[in-house]
Ligand code: CP
């Protein structure tokens with residue numbers, strides 16, 4: 001694998017190899033070996049056409065902890081605002097000798113185009129494209145679930161077989177949901193999407209998961225081990241010309257995680273959110289700040305996972321285990 005564009009491209013063995021490498025990276029950080037020499041002399045470009053706090057800072061931290069040089073490029077304040085195309089931006093990065101380009105773009109498919117159009121020789125990592133994919137978010141989510149739900153330790157070598165996950169909210173606009181459904185299925189977890197009918201994508205029947213419109217029923221009947229709340233993406237609703245439906249009050253009543261619903265969770269269940277959160281809309285302060293919430297830990301785990309991805313793409317071999325995997329390991 002030369003690029004990381006979609007969780008759909010990962011075999012079980014490749015995904016486990018990334019998670020295991022992330023566990024090793026986290027171990028070096030906890031031993032206070034903050035900086036590894038692994039990517040000395042390599043250049044990572046963060047190419048962000050859309051806003052980001054967690055992903056951009058996390059990739060920058062990850063690259064620096066591997067001793068790579070980092071160039072941060074934001075569309076705001078660059079020649080993109082003068083109309084420069086993705087192709088010409090990419091050719092400029094190529095001329096500067098980027099070894100990896102981490103790209104976030106509002107257009108679904110932009111990372112794929114960058115990887116395959118022949119404009120750059122570098123590895124391309126998708127940091128979120130439109131409503132399509134956000135593979136490193138799904139990997140850090142799986143890493144977090146593995147730490148909490150597979151019987152202690154970091155869960156090295158393990159998948160998520162038997163783990164039940166409810167992904168709740170604005171599935172329609174969510175690249176996090178699409179990436180997670182695919183990766184969690186590959187790792188053997190059982191996924192249920194819970195959303196109002198207006199926020200369920202067309203064609204969801206073909207996804208490897210269940211779909212429900214009733215959060216309380218799912219919490220009672222399925223006893224999920226992880227409840228992943230999704231951000232309501234109001235900015236994508238208005239750009240698509242649609243209104244917010246159901247209303248914010250109806251949404252919170254039907255699909256918000258509050259103190260009452262927190263009390264319905266099983267003892268071992270964890271509460272997740274990719275961030276940024278709309279507190280008071282999809283998640284209450286009690287739920288977001290409860291001892292069950294692993295939301296801040298997800299951010300911390302994101303650094304180790306992104307270190308692993310950069311390391312494996314630039315210095316390792318992410319496919320090492322894939323032959324065993326294909327042989328039914
Ligand atoms: N989860 C996530 O992608 O957050 P940012 O938009 O802050 O990067």
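Glycine is treated like the rest: Cβ placed from N, Cα and C.
The annotation in TrEMBL ties 54, 55, 134, 137, 275, 276 to carbamoyl phosphate, and of the candidates under consideration, 17, 104, 236, the one tied to the same site is 104.
Checking each of the binding-site residues (54, 55, 134, 275, 276) against residue 175 (L-aspartate binding site), the C-alpha distance stays within 10 Å for 134. Between the CA atoms of residue 55 (carbamoyl phosphate binding site) and residue 82 (L-aspartate binding site) there is a gap of 26 Å.
Rounded to the nearest whole angstrom, the C-alpha distance between residue 137 (carbamoyl phosphate binding site) and residue 231 (L-aspartate binding site) is 14. In the predicted model, residues of the domain 'Aspartate/ornithine carbamoyltransferase Asp/Orn-binding' (162-313) average a pLDDT of 94. The Cβ of residue 275 (carbamoyl phosphate binding site) has 53, 54, 231, 295, 298, 299 as same-chain neighbours under 8 Å, each 6 or more residues away in sequence.
54, 55, 275 are the binding-site residues among 54, 55, 104, 175, 231, 275 whose C-beta comes within less than 6 Å of an atom of ligand 1, given in sequence order. DSSP gives residue 104 (carbamoyl phosphate binding site) a strand state.
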